[in-house]
Amino acid sequence: MYLDILIAVILIFAVIEGLKDGFLLQFFSIFGIFIDFIIAQKFTPIVIEKLAMNNNESNYLLTYIGVFIASYFAIAILMFFIGIILKNQNKGFLSRGLGGAFGLVKGLIISLIILFIFNFAAQKYTVLKKYGIDSKTNAVFLEKSHYIEEYLPKELKSELNYIKGKELVEKYFNKMF
């Protein structure tokens, strides 16, 4: 339930930010998130190699998340400066409406990232599982995650499939008893 509240808050703030910023800034922001994914996918193997890390799934995922977050902050700084330049732009009703829609899309993307990180972390640190108990958004995420699997590196796909399988077994086991 706590996870559902967190996702709802993220979506609400994303829509409000989209309405405030307008279409153009939100478009660049979503474009930046996709660039973050590309950078993380390209540079994760390089970072693992340079740091002489073991190339197992856990290290790959943690490095992927680290590279993604570093790239996100770098692009956020760039977006800050673009926002300063576009601050004086007149934002009409259409621009704000489209900004709200794009803000919702951005919020959904960020929510997917948070759900993925939560599921991975909950497998490693079981104390986190209590925050996802009875979470409707997490159940929908695990059920519909096959749509995003083709865009994930193979190491992340196998981790996601493991989590989905484990959740499915626990669900049916709990129904039996």
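Cβ coordinates are placed from backbone N, Cα and C, and glycine is handled just like the others.
Looking at the stretches 98-121, 122-145, the one that TrEMBL records under the feature transmembrane segment is 98-121.
Long-range contacts of the transmembrane segment (60-86) within its own chain (CB-CB distance under 8 A, at least 6 residues past either end) are made by residues 21-22, 24-25, 28-29, 32-33, 35-37, 39-41, 43-44, 47-48, 51, 53, 113, 117, 120, 153, 155-156, 159.
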